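Copied over from TrEMBL:
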- 5-153: domain 'Phosphomannose isomerase type I catalytic' (DOMAIN)
- 109, 111, 136, 275: Zn(2+) binding site (BINDING)
- 169-256: domain 'Phosphomannose isomerase type I helical insertion' (DOMAIN)
- 294: active site (ACT_SITE)
- 336-376: domain 'Phosphomannose isomerase type I C-terminal' (DOMAIN)
C-alpha cells in the first residue's frame with residue numbers, strides 16, 4: 001500500500017498585512033518545521049495554508065509517493081477522505097486549515113453563503129474565484145483581536161451621540177430612526193441598522209475623508225490633553241487611521257463588536273457576518289473557498305453594494321461570537337471546537353509532560369495535524385517510516401488511520417487537528 005499518513009510542506013502567503021520576519025508565528029512555525037527555509041526579516045509572513053486549495057496546494061514530503069501535491073494525491077485516492085466526507089463533498093477535502101499572523105488590520109469583509117457565492121462567481125469570476133460558502137473559525141495562538149458582527153444597538157446609538165462626525169456621515173434621519181427603533185421589533189432594528197451602515201459605506205469620498213480628518217484631529221487633541229477618548233473609541237480609531245489613512249473602514253469600529261481572544265479561545269464567523277481581524281496570531285479553519293466581499297481597510301477590490309446587501313444585521317454582544325471548546329468525553333486531552341456547519345471541526349490536543357505515549361485516534365475523516373509545541377516520534381501502520389514531529393510539523397492523516405506519538409519533550413505537546421465530523 002502507498003503511505004496514507006505523510007508530512008506536508010505548506011504554502012506561505014506573504015500578504016502585506018502580515019507580521020514581518022520572525023515576529024510572525026507563521027514564519028516561526030515554517031522555520032522550525034524546515035531548518036533549510038530562509039526567513040527574510042523585512043518580508044510579511046501572513047498565512048500558512050495547510051490543505052489542497054488550488055491557490056496553495058501543500059507539497060508531499062515523502063519521495064515514495066508519486067504525487068507531488070496533496071490535491072493530486074486526494075484526487076487519485078479519494079477514499080482517504082472517509083466514506084461520508086467523500087460522498088458529501090464530491091471527493092474534495094472540505095476545509096482549508098491555516099495559521100494567520102496579523103500585524104495590520106485585514107479588510108472589513110464578509111463571506112457569502114452558498115447561494116450568493118454561486119451568483120457572484122458566475123457574474124464576476126475574476127473577483128470571486130469559486131462557488132462555495134466560507135464560514136470560518138479562528139482560535140487564538142497569541143492574544144488576538146478582531147471585529148466581528150454588529151454591536152448591540154445601545155452601543156451604536158451611544159457612538160452616534162458622542163461622535164458628531166459619524167452622525168454627519170449617516171445623516172440625522174437615519175440616526176434618529178435607529179435611536180427610535182425598539183428592542184421589541186427586531187426586524188425594525190435590523191432595517192434601521194442596514195440603512196445606517198449602508199449610508200456610512202456609500203458616503204461621498206471627499207465628505208467622509210473631511211469628517212475622518214476632523215475626528216482624528218479632535219481625538220488626537222483630546223488624547224494629548226489626557227482626556228478619556230473611550231466614548232469615541234479613540235485608541236482603536238487612531239490605530240486604524242495610522243494603518244489606513246483616509247479609509248472608510250475606520251468608521252466601522254462604531255458598528256462592529258471588538259472581540260479579544262486569549263490563547264485557546266475561538267470565534268466563529270458564519271456566512272454574511274461582517275468582520276475584520278486586527279492583530280495577533282491564530283489558527284483558522286474554513287470551508288475550502290477564497291470568496292471574500294470587501295469594503296474598507298484594504299487596497300484590494302471592494303464591492304460596497306454587495307457587502308451592504310448581504311450582511312447579517314442582527315445586533316449581538318461580542319461575547320456571543322466566542323465559541324467555547326468542549327472537552328472530549330472520550331479523551332480528556334482533546335478539546336473540540338465544533339461550529340454550527342458540517343464542513344469542519346478543530347481539535348486542540350494538549351498532552352501533559354507526564355505522558356510518554358499518546359495515540360492520535362483514527363476517525364472517519366481525513367485530518368491535518370499541526371504541531372505548535374513539543375517533540376515526538378510518530379509511528380503508524382499507514383506511514384512509510386517513523387516520522388519526527390516537532391514545532392511546525394504538518395501531517396496529513398487519511399481517514400481510519402491512527403498515529404502513536406512517542407513523546408520526547410519535557411514540556412508536553414500542543415497540537416491542532418483539523419477534520420470533518422459528519
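Glycine is treated like the rest: Cβ placed from N, Cα and C.
The Cβ neighbour count for residue 109 (Zn(2+) binding site), using a 10 Å radius and every protein chain shown, is 25.
Taking CA atoms as the reference points, residue 111 (Zn(2+) binding site) and the residue listed as 'active site' are 9 Å apart.
Between the candidate recorded positions, 111, 294, the densest Cβ environment within 10 Å is the one around 111.
Cα to Cα, residue 136 (Zn(2+) binding site) and the residue listed as 'active site' are separated by 16 Å. The average pLDDT computed for the domain 'Phosphomannose isomerase type I C-terminal' (336-376) is 97.
Within 10 Å of the C-beta of residue 136 (Zn(2+) binding site) we count 23 further C-beta atoms, all protein chains included.
Under a cutoff of 8 A between CB atoms, and with a sequence separation of 6+ in the same chain, the neighbours of residue 275 (Zn(2+) binding site) are 108, 109, 110, 146, 147, 148, 149, 256, 269.
Shown for the domain 'Phosphomannose isomerase type I helical insertion' (169-256): DSSP residue counts in helix, strand and coil, namely 67 helix, 1 strand, 20 coil.
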